[in-house]
Amino acid sequence: MKVLVINCGSSSLKYQLIDSEREEVLAKGLCERIGIDGSNIAHQPAGGEKVKEEAAMPDHTAAVKLVISKLTDEKVGVIRSLTEIDAVGHRMVHGGENFSGSVIINEEVIKAIEDCNDLAPLHNPANLIGVRSCQAIMPGVPMVAVFDTAFHQTMPEKAYLYGLPYDYYKKYKIRRYGFHGTSHDFVSKRAAEILGKDRKDLKIIVCHLGNGASVSAVKYGESVDTSMGLTPLEGLIMGTRSGDLDPAIISFLAEKEGMTASQVIDVCNKKSGVLGLSDGYSSDFRDLVQASETGNEQAKHALEAYAYRVGKYIGAYAAAMNGVDVIAFTAGVGENNAEVRAMIGEYIGYLGTNIDAERNKVRGEEIILSDEGSKVVTMVVPTNEELAIARETVRLVK
Ligand code: ADP
């Protein structure tokens, strides 16, 4: 089957066309500035050059049309016609408590996703616009919604409830949901596979360390805790997000800086994390490592605070599961940034991880970092959220 995987944001649309039998990407690309002046598309067929061009995209339907025209283009296309697309998999950010797995999209499902809009006001409506646009252009093609939150729906109440009046949970569903679920699921499964074991027999901690970052505790195949909460702001220090804070800071800062609460939250989302800690130097971990190595103290402190927080979460999740067998690093930083992995390694040696300095130099590939016979296997497992979405899509439409 050929599956089109769509990740639709408010002004962007990422896509991959995947051959599900061979699990190969046939083409991928990104539309940016949809509905804004200067909209452009970058399209890349497998094995070919990336072509970037400006093109008018007044709305998402126009963007989907353009994607189809690229996929079927004589020069840069990879299929002859639209009819070769067998199914579409949509990445959905928030499924609330309504979805504990992927589903085939119908009107009832769309309504249930809309019911979660309050929980992800920036993401869910944008994801749904992507669905509507694809439905308009590919009527009759089955579509599947794959949720970032679904994998974490197995968390027990003690992990997902905040210490707030219970009434707020009942009235507004304020609780921890967790995100990056597709990645935590994919990576924990793959880690077990690499080790030749059944995930149902393992206690795995997955560290998804990208621009956005989260840690999860996957016990015997189920997520029992994860660091992101009601929104992706909770937990680790990230590229630009603060992660855990004393909630009293919000009103304190609002008063001092003359901001509204939502303006403070905006600072917490966009100007904090390692960007904020490095005094605005960069949110990119490559830049920070380089700067730190050439004497930028602020960048060094940002990385130290980052690694310390990851280390603390690993410790917490080892406790949550009463043990840990495997720690898997994934996403941009987890897969590639040997320096940051080594810094995190400093905090988890007591678990019996024995990370080998030579093996830890590897970037972007599956590898076991621990010495043979280590009590806890530490490894790098590259994530592939698009492939996971394509697999889910095929599983449901077949
Ligand atoms: P997201 O998908 O959340 O936007 P990614 O998973 O792509 O983010 O991660 C982005 C981060 O990964 C950046 O901070 C970047 O510096 C880091 N990264 C990517 N490639 C490398 C590399 N080769 N070496 C070190 N860090 C890298």
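Cβ atoms are placed via backbone N, Cα and C, with glycine included.
As written in TrEMBL, here are the features:
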- ASP148: active site, proton donor/acceptor (ACT_SITE)
- ASN7, GLU385: Mg(2+) binding site (BINDING)
- LYS14, HIS208, LEU209, GLY210, ASN211, GLY212, ASP284, PHE285, ARG286, GLY332, VAL333, GLY334, GLU335, ASN336: ATP binding site (BINDING)
- ARG91: substrate binding site (BINDING)
- HIS180: site 'Transition state stabilizer' (SITE)
- ARG241: site 'Transition state stabilizer' (SITE)
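On the structure: features taken from TrEMBL.
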residue: ASN7; record: Mg(2+) binding site; Cβ contacts under 8 Å, 6 or more apart: LEU13, LYS14, TYR15, HIS90, ARG91, GLY130, GLU386
residue: ASP148; record: active site, proton donor/acceptor; Cβ contacts under 8 Å, 6 or more apart: ARG91, MET92, VAL93, HIS94, GLY95, PHE179, HIS180, GLY181, THR182
residue: ASP284; record: ATP binding site; Cβ contacts under 8 Å, 6 or more apart: GLY239
residue: ARG286; record: ATP binding site; Cβ contacts under 8 Å, 6 or more apart: ASN337
residue: VAL333; record: ATP binding site; Cβ contacts under 8 Å, 6 or more apart: LEU209, GLY210, ALA213, PHE285, VAL340
residue: GLU335; record: ATP binding site; Cβ contacts under 8 Å, 6 or more apart: PHE329, ARG363, GLY364, GLU365, VAL380, PRO382, THR383
residue: GLU385; record: Mg(2+) binding site; Cβ contacts under 8 Å, 6 or more apart: ARG91, THR182, SER183, PHE186
LEU209 (ATP binding site): secondary structure state under DSSP, collapsed to three categories: strand
Pairwise CA distance, ARG241 (site 'Transition state stabilizer') versus ASN211 (ATP binding site), rounded so that it is a whole Å: 9
Of HIS180, ASN211, ARG241, ARG286, recorded positions neighbouring ligand 1, Cβ under 6 A: ASN211, ARG286
In the chain carrying ASN211 (ATP binding site), residues 6 or more apart in sequence that have Cβ under 8 angstroms from it: MET238, GLY239, THR240, SER283, GLY332
Among ARG91, HIS180, ARG241, which are recorded positions, the residue with the most C-beta atoms within 10 angstroms of its C-beta: HIS180
Neighbour count (Cβ, 10 Å) for LYS14 (ATP binding site): 19
Surrounding CB atoms that lie within 10 Å of the CB of LEU209 (ATP binding site), all protein chains: 28
Where the record names LYS14, HIS208, LEU209, GLY210, ASN211, GLY212, ASP284, PHE285, ARG286, GLY332, VAL333, GLY334, GLU335, ASN336 as binding ATP, the maximum Cα to Cα distance in Å: 23
